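Listed in TrEMBL for this protein:
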type: ACT_SITE; residues: Lys36; note: active site, proton acceptor
type: MOD_RES; residues: Lys36; note: N6-(pyridoxal phosphate)lysine
type: BINDING; residues: Arg136, Met324; note: substrate binding site
type: DOMAIN; residues: 255-383; note: domain 'Alanine racemase C-terminal'
type: ACT_SITE; residues: Tyr276; note: active site, proton acceptor
Amino acid sequence: MKQTSHIELHAENYRKNISFIREQIGSGCQLSSVIKGNAYGHGIESFAPLAETCGINHFSVFSAYEAYRLSKVSDGNSTIVIMGVADSDEELEWAVNKQVEFFVYDTDRLLHAIQCAKKLRKKAFIHIELETGMNRTGFSSSDLLQAVSIIEENRDHLVLRGLCTHFAGAESIANYFRIKQQIISFSKFRKFLLGRNLNFDYQHLACSAAIINYPSTINNMVRVGIMQYGFWPNRETQMKHFTKVQSHENPLHPVISWKSRVMGVKDVREGEFISYGTSVLAEKNMKIATIPVGYSHGFSRSLSNQGKVLIRGKRLDVTGLVNMNMLIVDITNAPEIEKGDEVVLIGNQGDLAISVASFGELSNQLNYELLTRLPEEIPRRVVY
Ligand SMILES: *Cc1c(COP(=O)(O)O)cnc(C)c1O
């Protein structure tokens, strides 16, 4: 038995994205592949091994749970960093034991890390996260002094792997002032820590957008999510790059495509309504195809009467409401379509493409949200 749709990951496109990103960051910089949110919907279990075969050996995840999933499929030579939750003794001890690195963003986490390290007689590999203006997680100047003395007292139990912060919207020029303040604040913190003889292997601030919009923040490590998957953080960042290189050739190529098959076709007589309710009245004799993908599979209900799919090399309209498990496509102008034909929901077919961005614009969702809503159960396979 199998799922009603599947996701393909295109290895060649991933290689291109990585080589573009490496060009931007230079050879001395560690590229950490951000795979939180089930690798932005690409599927940790399929995506991470693909990334490793393309030379990636550093990953950032959100939780200990994701780190654990990654550790099960990794080739074992990759560094894993947990940027968020690892709260129970079990989780943090697992991390320390496996030399999985993690963000330390408050005193509580710092003490917990030291406690685990002492208990296991191993060092905790930590990244100190600084609060520079996002007001989410990280040490602010008021609690940093105390943290520094705790670190100094427990130097033997800690490896200071990284000093980091995260920008509050580096993709948009509207946040320019705020981001600049964050950059200044980070460098003050760093000087202060250096003055206390606290030296970190890596300084990392930049996400995808910052690499393009604030290249001075690249430093010796970056945490890149959306761009490695072949998407720009937003249009503004894309335009910034196009302007800089004076070219409209897109260096990023979507890794993901999403496909299903036609479940059935039928005729609808003039004057009949299609699908639930009365949103579509057949104004002439029509032909429709049913596709076994609905909002429960991540195909947003707001794409009702809006979305497009590709079948037999034609771009066709989603007609009527998107149902929980099905959607309906108007094939009046493509009567050759048969049950079993391939349906592209995202990706290419022939010369045509359905981009995640177009999908997003119609449904008012961000690329990020749209991708991560693709359910874990949809099977992923890598195509070379
Ligand atoms: C998600 C995330 C990133 C990656 O952001 P992109 O915009 O996808 O490159 C980097 N750092 C942190 C802390 C994040 O949460």
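Heads up, the Cβ atoms here are built off N, Cα and C, so glycines get one too.
The structure displayed is predicted, hence computed values, not measured ones.
Feature map: TrEMBL annotations on the structure.
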residue: Lys36; record: active site, proton acceptor; Cβ neighbours (10 Å): 19
residue: Arg136; record: substrate binding site; Cβ neighbours (10 Å): 11
residue: Tyr276; record: active site, proton acceptor; Cβ neighbours (10 Å): 12
residue: Met324; record: substrate binding site; Cβ neighbours (10 Å): 9
Task: Cα separation, Tyr276 (active site, proton acceptor) to Arg136 (substrate binding site) (Å, whole number) - done: 43
Open item on the list: Per DSSP, what is the helix/strand/coil residue tally across the domain 'Alanine racemase C-terminal' (255-383)?
Closed with: 20 helix, 47 strand, 62 coil
TODO: Average the per-residue pLDDT over the domain 'Alanine racemase C-terminal' (255-383) and send me the rounded value.
DONE: 93
